[in-house]
Each structure stands twice: as structure tokens, then as C-alpha cells.
Amino acid sequence: MRRTAPMLAAACLLAAAAASSTPLIGGDADANGCIASAGYTWCEPLNKCIRSWESACVDLEEEETTKDEKEEDEEEEEEERVLKLHIIVLTVSCLVGVSLAFEITHEHLLEHTSETMRPIIVGLFGELTLLGFIGLTLFILFKMSWPHELSEYLYGDGEVIPELGESVHMVLFLVMVIFLAQAVYLARLGDRVLNKWKDWEGLSVDRVSERTIRKHKVLQSASLLSLANTSDEQVDSLIFSLTRDRFCVVRDLHPADFEFASYLGIALGRTLEELVEVPVKSWVCLEIVLLLAWQVDGLLGKRDKMVGWILAGYALPLMAGLVLAKLRRILVQHTAPLLADAEQRGQRGSLKAMTNRSIRRRHAQEERSFKKKGAKSPPRSPKRPPEPREKVLVHDTYHHAFWSGPHQKSKFTLDVLRFVPLGAAIYIAILLLVHAPALLKGEVLATYSIYVRLIVLVVALLPPVLCTIYVREAVDDFAIAGHVESLQNLRFVEHVIRRQRTVAAFEALKVVTFLRKPDIVRAAMQLSDQAGKDEREERSWRSIFDVFDENQDGIFDRSELRVLLTKFSTATEGKITEIIELLDDDKSGEISFDEFYAFGRKLERYVRENVDPHELLKEMFEIVDDDRGGLITVHELHQTIREIGQELSIDDVYNLIKDIDDDGNGALDLEEFHLLLHRVGVEFVGKPAH
């Protein structure tokens with residue numbers, strides 16, 4: 001059909017020409033009167049147009065080829081457009097996926113990290129944002145034209161500098177990943193250390209063995225190398241106990257009433273937060289190291305560069321080990337006179353006993369003494385002043401023991417320590433991207449076997465492992481050594497005291513929830529008492545007992561308990577009397593701490609075995625929700641805490657809930673209240689859904 005169409009057109013052309021007797025083609029006629037144009041020949045004498053078949057076929061083929069090429073070009077353009085669109089969608093999807101993974105990881109870490117360790121997560125993601133901005137800036141810079149032009153001018157190849165930029169970008173990304181892994185590891189480790197300190201809270205100095213004391217004395221004269229490589233948990237627990245007792249004496253606190261482990265936990269969280277920050281000093285140090293490496297680079301071959309890099313890597317654990325040894329020497333020297341003083345008194349536990357004897361405990365002891373003599377209770381004198389005790393002052397020159405202590409206190413020591421994790425991340429990144437491939441490919445140490453090169457690689461990977469060990473222990477010791485005596489943080493102390501009051505208030509509210517029900521009290525009292533006592537558990541129940549003991553005389557009578565139950569219960573007078581009689585085991589008319597503690601241990605067991613945590617949560621929520629509006633306002637929560645007997649300001653209560661109030665309405669629903677109880681550490685309410 002394609003070939004007959006031109007023939008039909010030619011026929012029409014001839015017909016038109018014949019009708020008009022005028023040729024349709026132009027040009028000059030030849031000797032025969034024929035005019036040639038566009039592949040056709042018009043011969044006027046013959047009155048017809050002549051064209052060869054070959055010329056017609058060639059024109060048709062050229063026309064078809066041009067049309068096909070045009071169609072192919074259009075198809076290629078369409079395919080290229082679709083491909084670019086796919087690449088854009090894929091790239092954006094990857095970026096969205098990375099962003100989602102970043103945010104999900106952030107939320108997951110915050111959710112599964114204790115409150116005291118959260119500052120390190122916040123600080124870490126702040127530094128990652130900074131490093132990400134630096135990486136983006138490098139990416140944009142090396143995508144411009146000037147790096148190619150400069151590379152062409154300097155090296156005769158326009159891709160040298162851009163390729164180096166890509167390498168720098170890759171190293172920076174790997175440093176970010178390694179730095180993130182180190183920080184997450186330290187945060188997880190911080191929770192373990194905090195739990196260890198809480199276990200040590202129940203230890204007393206009089207239980208320390210003679211062997212542990214001898215080890216402590218040996219460390220007093222040990223070298224820095226010995227201190228850095230000596231780790232004994234018994235000695236560490238002794239140092240913790242002595243430091244705690246000394247701290248409480250200075251602050252006029254009592255070890256039985258103040259959670260020193262919580263104070264150190266806050267200090268540890270802040271130390272880890274500062275550790276992952278990269279201050280200006282660290283950037284300046286890195287710049288100096290970079291300039292030195294630049295000057296040395298031209299003087300060394302590949303092998304010498306690798307050996308030099310490995311030696312530089314081993315300088316990092318050496319630095320961390322020196323910091324660890326310095327901190328341990330400070331702690332040993334600080335606790336040495338405390339231990340010597342206790343030994344001179346003839347009893348190692350005398351220091352703890354002196355600081356651990358609060359007024360209410362003396363009343364409790366007097367009460368038991370009077371009961372043995374047949375009396376119901378000792379004469380109470382709530383206003384009885386404490387026994388006079390000489391005021392103990394802090395050591396004003398304690399911070400001089402740190403490097404540059406008189407001028408910077410403990411900051412310079414921490415600056416030295418914080419350089420190690422960042423340096424280790426840079427060391428690993430360059431080792432894996434530059435030196436390790438050259439070593440495995442035989443570009444370096446080519447005359448040695450692959451086994452020798454693998455051994456060298458293992459040796460090169462040891463510094464980061466040593467850094468992790470030393471930094472982990474140094475951070476623990478710094479949290480103690482850097483926050484006592486003249487370096488103690490009063491804001492942390494107030495935070496711990498407020499938190500203890502808050503926990504005691506909610507724990508007391510939980511107990512009141514059960515005290516309103518005589519059936520539960522009776523069922524709990526019928527359980528057998530478990531053998532053995534835990535000092536942490538006893539301290540927790542003593543804080544609840546203090547809430548009920550309004551006049552702080554070491555006991556609370558029927559009137560005090562009746563007032564408390566009347567505030568939070570609609571129980572009749574008969575039921576309240578029944579509850580009091582169940583708690584008053586010796587029928588003295590008063591409830592001592594021993595009686596209350598025995599009930600508390602049985603109640604914990606009963607709740608663990610028989611009570612639905614969700615039902616307990618709902619009952620506690622209804623007690624606080626005074627207007628039954630389904631939300632707990634700041635005023636309602638503050639009023640409940642005050643009625644329980646704990647003094648917290650309205651600002652303290654607001655600060656307590658502001659991070660939990662997701663919808664920002666200034667009130668807590670049931671789920672948010674659940675999260676609040678979980679955050680403050682109230683037991684037997686289950687784990688929140690988010």
C-alpha cells in the first residue's frame with residue numbers, strides 16, 4: 001500500500017497537468033524539451049511525467065527510515081524519562097525510609113532507656129544531626145563544577161578531587177555509624193551500672209571482708225599502670241559505700257533515706273551526654289591531628305603509613321587508661337581516711353551506723369525496748385531535737401586532685417576522656433576503608449603470607465576494643481569522683497529528693513487503694529511471711545510508712561490511719577476499725593514500722609499473685625480523678641500528693657507530667673497516667689503500651 005500511494009499521486013498529477021496543459025514542475029528544459037525536477041521528468045512533447053522505479057524506492061526508503069528514527073528517538077526519550085522518574089521515586093523512598101528508621105530508632109531508644117540515661121540519647125542524636133549536615137554540605141560542594149575544574153587544573157583529570165570527596169563522605173558516614181553504636185552501647189551499659197549501684201545501696205561497711213580491706217590498702221600505693229588494670233567488684237563496692245556515707249554526712253542526709261545510687265545515676269547520664277558531644281576543643285584537636293598527618297603523609301610509604309596509623313590507634317587506649325588510673329587514684333585516696341577512721345573506732349561499720357541512725361529509727365528501737373519491758377509504747381515526743389553532732393564540711397580542695405583541677409576542676413579530665421570515643425570511631429573508619437583493603441590485597445606486606453597479614457589486621461583492631469573497656473570503667477568512676485565533695489551537684493540532690501517524695505506518694509496511694517478493702521487486707525495478712533529481708537525493700541516501705549506517720553514519731557496510731565483512709569475512701573467507720581485491727585498485730589492501739597513492714601511484704605506477695613494490674617491502675621486513677629471527668633489535671637494530682645502528705649510545688653507536678661502529656665491538654669488520661677507510674681517506678685501496675 002505504501003508503494004502504490006505515490007503512483008496514484010503521480011497519476012493525479014499527470015491528469016491535472018493534462019487538463020491544464022501546463023507542467024507542474026519547474027526548471028529549464030533540455031534539448032528534447034524535458035524538464036527534470038525532484039526525481040521526475042516532464043516531457044512536453046510526450047505530455048507525460050516519467051520517473052524511474054529505483055529513484056522512487058530510494059525516496060520511499062529514506063522517508064520510512066527518517067520516520068522510524070524519529071519514532072525510536074521519541075521512544076528512547078520516553079524510556080529515559082520513565083527511568084529518571086523511577087530513580088527519583090526510588091531515591092526519595094530510600095530517603096523517607098532512612099528518615100523513618102532514624103525516627104523509629106530514636107523513639108525506640110528513648111522508650112527503652114531509663115530516665116537517667118536519656119540525656120545521652122538526646123545528645124547523641126543532636127551530634128548525628130550535625131554530622132549529617134556536614135555530610136550533606138560535602139555532597140553539595142563536590143557536586144558543583146569547581147571541584148572538577150580545580151582537579152583538571154591540578155591533576156589533568158577532572159575526577160580526582162570529586163572522588164576524594166566521595167571517600168571523605170564515606171569515611172564520615174562510617175564514623176557516624178560507629179559513633180552511634182558506641183553511644184548506644186554506653187547507654188545500655190549505664191542502666192546496668194545503675195542497677196549495680198542500687199544493689200550496693202543495701203551493703204554496709206561492717207560486712208566488708210578483711211581481704212577486701214587489704215586490697216584497698218594495696219591500691220593506695222599502687223602505680224597508675226596497676227590501677228588501670230585492676231578491677232575488683234568487692235573493692236568497688238567498698239569505695240561506693242564509703243563515698244555514700246561520707247556524702248550523706250556532708251549533706252546532713254541519711255543513707256537509709258537518700259538514694260545515693262539515683263544521684264549517681266543522674267551524674268552518669270549527664271557524663272555520658274557530655275561524652276558524646278563534640279565540643280569546639282575536640283574539633284580543634286582533630287584539625288591539628290589532620291594537619292600533622294598531612295605533613296607526615298608525603299614522607300612515608302604505604303607500609304609506614306599503616307604502621308603509624310596502628311600506633312596512633314594504640315595511643316587512644318593509653319589515653320583512656322591514664323584517665324581511668326587517675327580517677328581510681330582519686331577515689332582510693334578519698335576513701336582511705338574514711339576507712340582508717342572507721343577502723344580506729346574499732347568497728348568498720350561505725351561510720352555507717354553513725355550516719356544511718358535517724359530519729360524515727362531510734363524511736364522504733366525504743367518502742368521495741370519498752371515492749372520487751374511490758375509497756376505498750378514509749379513516751380512520744382515528736383519535737384524531740386536530734387542529738388548534737390559536729391557539722392562535717394566538704395573538702396574545698398578535693399577538685400585539685402584532677403588534672404588542671406584548680407582552674408578547670410574535673411572538666412579537663414572529661415575533655416581528655418571524651419576525645420577517645422570519637423578518635424576510636426575515626427580510627428576504625430580509616431582502618432577499614434583504607435589500610436585493611438590494602439593489607440588484604442597484598443599492596444602492603446606483600447612478601448608475607450595471608451596469615452601474617454590477618455594477624456596484623458587483628459592487632460590493628462585491638463585498640464577500639466581496649467578503648468571500649470577503659471572508657472566504660474572510666475565513665476563509671478568519673479560519675480562518682482566528679483560529683484562528690486566540692487564537685488557535688490546540689491541540683492541533682494534536690495531532683496533525687498523530689499523524685500523520692502513523688503515515688504513515696506504514689507506507692508502510698510497504691511497501698512491506700514488496698515487498705516480501703518478489708519477483705520484484701522485480711523487475705524494478705526493470712527499469708528505466711530517470707531524469710532529474709534532486703535534493705536532496699538525495707539527502705540521503700542519505710543518511705544511509705546513515713547507518709548502515714550504524720551508526726552514522724554516512728555509509729556502511727558488509729559487516728560492517723562483513720563484520717564488518711566477517710567480522705568480516700570467511702571468506707572464506714574466499722575470497716576476502718578476492722579482494717580486498723582488487722583494491721584495492729586500486737587493490739588497495742590498503735591502500728592509500728594515492724595508491723596507495717598510485715599503487712600507490706602505480705603501485701604506485695606498477694607498483689608503479685610491475685611491482683612490484675614489494669615484494675616489496680618483504674619482504681620488509682622479514680623482516686624486521683626476527683627471530679628470523675630476522665631482526666632487528671634495538674635491541680636488534682638497536686639492536691640492528691642499534698643493530701644497524702646508529700647510537699648511538692650505545683651511547678652514540680654507540672655514538670656512531672658509535661659513530658660508524658662502527649663496531647664498537650666495539661667491533663668492525663670488513663671494511658672498517660674499509666675506511663676507516669678511506670679516512669680517513677682511504681683510496681684505492680686504493668687508496663688505501658690507505648
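Heads up, the Cβ atoms here are built off N, Cα and C, so glycines get one too.
Averaged across the domain 'EF-hand' (536-571), pLDDT in this predicted model comes to 78. Among the features that TrEMBL reports, domain 'EF-hand' is placed at 536-571 (among others).
TrEMBL lists 573-606 (among others) with the feature domain 'EF-hand'.
Within the chain, the domain 'EF-hand' (612-647) has long-range Cβ neighbours (under 8 A, six or more residues past its boundaries) at 501-502, 504-506, 508-510, 512-513, 547-548, 550, 564, 567-568, 653-654, 656-657, 665-670, 673-674, 677, 684-686. The feature domain 'EF-hand' is assigned by TrEMBL to 612-647 (among others).
Taken from TrEMBL, the feature domain 'EF-hand' covers 648-683 (among others). The list of residues near the domain 'EF-hand' (648-683) in space but at least 6 beyond its ends in sequence, with Cβ under 8 angstroms from a Cβ of it, reads 115, 498-499, 501-503, 505-507, 510, 604, 617-618, 620-621, 624, 630-635, 637-638, 641-642, 689-690.
Look at TrEMBL and you will find 349-389 tagged as region 'Disordered'.
Annotated signal peptide per TrEMBL: 1-19, in sequence order.
Residues 106, 161-162, 165-166, 168-169, 172-173, 175-176, 179-180, 183-184, 187, 272-274, 276-278 of the same chain, all 6+ positions outside the transmembrane segment (122-142), place their C-beta atoms under 8 angstroms from a C-beta of that stretch. Marked as transmembrane segment by TrEMBL: 122-142 (among others).
Annotation source TrEMBL lists transmembrane segment at 168-187 (among others). Same-chain residues lying 6+ beyond the ends of the transmembrane segment (168-187) with a Cβ under 8 Å from its Cβ atoms: 109, 113, 117, 120-121, 124, 127-128, 131-132, 134-135, 138-139, 142, 272, 275-276, 421-422, 424-426, 428-430, 432-433, 468, 471-472, 475.
Look at TrEMBL and you will find 275-294 (among others) tagged as transmembrane segment.
Under the heading transmembrane segment, TrEMBL lists 306-325 (among others).
The transmembrane segment annotation in TrEMBL covers 416-438 (among others).
Summarising the annotation, TrEMBL assigns transmembrane segment to 450-471 (among others).
Counting Cβ pairs closer than 8 Å to the transmembrane segment (275-294), the top stretch among 306-325, 416-438, 450-471 is 416-438.
Each residue of the domain 'EF-hand' (536-571) gets a DSSP state, and the totals for helix, strand and coil are 24 helix, 3 strand, 9 coil. With DSSP classes pooled into helix, strand and coil, the tally for the domain 'EF-hand' (612-647) is 23 helix, 2 strand, 11 coil.
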